[in-house]
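Asker: Before I ask anything, here is the structure I am working with.
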């Protein structure tokens, strides 16, 4: 029952993220990309504030316990005082890492979301979902430049994604839409975003970092909005796009992030990855249902190949095989037990 609940939470996360592409596409009918990015990231940060408060309370209680333990034991007060001092020093270092990490992650986030918003002006939400999902392929490719090795999964995934991208984006006249190029760049920027998060999350709390990056991103987006969109900004346009902005900011950024954190707890990473990869599929589903978008046969095959490429790139074959073998042995054990019970009766 626990696994079923966790799987449902992860599927709900993928569904919200997939529907977010539709909200972004609708929002672009009313506001500019930088304006949309500002309100989206700001709302995401505000939604995460209650979670940050709970984490902060937990850290305060931890510090209080250490201080109380130091005062209660006078014989080892010097040692405990050193431990408390060390803990405070760690918090100060984490605070510096949090500020730097929030800015770096926020910068990547603004870049990725802005390219995505500009691309959605001319690209369907469904196509954007599949092209964006290729960031999973780009992460290990970029890792080559920092000394990481590629495994066979990534090589196969890259080859399949190249073929899929060709079928999805390249027309019969060997032309490609500008929006597709921008979404492709967005996927590359999101890959850098993932690597940046991976670096800083080891130095500070993940919830703090997530909220901090949203606030940093909203500040950067606000500056860009004031520079490039000042002459065309209108509160009437923001009001017209309010539902799309609320969905992207509250649901896609705030709620979906929290659901992912809760849903992945206690779940097999391979299974969690497979479920979350349904985001691109849900983008096509919602694009078809809500925006009347459609894919031709060529584009459909391209989407399918990209989905397979993303899945292959994420799956740990040995882990998946071990999981399947374990479940099969468990089922065989139950069958043998049932057979033995029947024979004894």
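Backbone N, Cα and C define each Cβ position, glycine as well.
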Asker: Please identify the range among 109-127, 128-146 that TrEMBL labels transmembrane segment.
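Answerer: Feature transmembrane segment in TrEMBL: residues 128-146.
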Asker: Choose the correct range: of 33-55, 56-78, which one does TrEMBL annotate as transmembrane segment? Give that range.
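Answerer: When 33-55, 56-78 are checked in TrEMBL, transmembrane segment belongs to 33-55.
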Asker: Any idea which of 303-321, 322-340 is down as transmembrane segment in TrEMBL?
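Answerer: Based on what TrEMBL states, transmembrane segment spans 303-321.
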Asker: Which one of 80-99, 240-259 shows up in TrEMBL as transmembrane segment?
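Answerer: Going through 80-99, 240-259 one by one, TrEMBL flags 240-259 as transmembrane segment.
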Asker: Of the residues in the domain 'EamA' (8-62), how many are helix, strand and coil by DSSP?
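Answerer: Reading the DSSP string over the domain 'EamA' (8-62) gives 50 helix, 0 strand, 5 coil.
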Asker: Could you check whether the transmembrane segment (271-291) and the transmembrane segment (33-55) come into contact, where contact means at least 3 Cβ pairs under 8 Å with the two residues of each pair 6 or more apart in sequence?
Answerer: no
Asker: Give the one range among 33-55, 128-146, 181-201, 240-259 whose Cβ atoms make the most pairs under 8 Å with those of the transmembrane segment (207-228).
Answerer: 33-55
Asker: Determine which recorded stretch among 128-146, 181-201, 240-259 has the most C-beta pairs below 8 angstroms with the transmembrane segment (33-55).
Answerer: 240-259
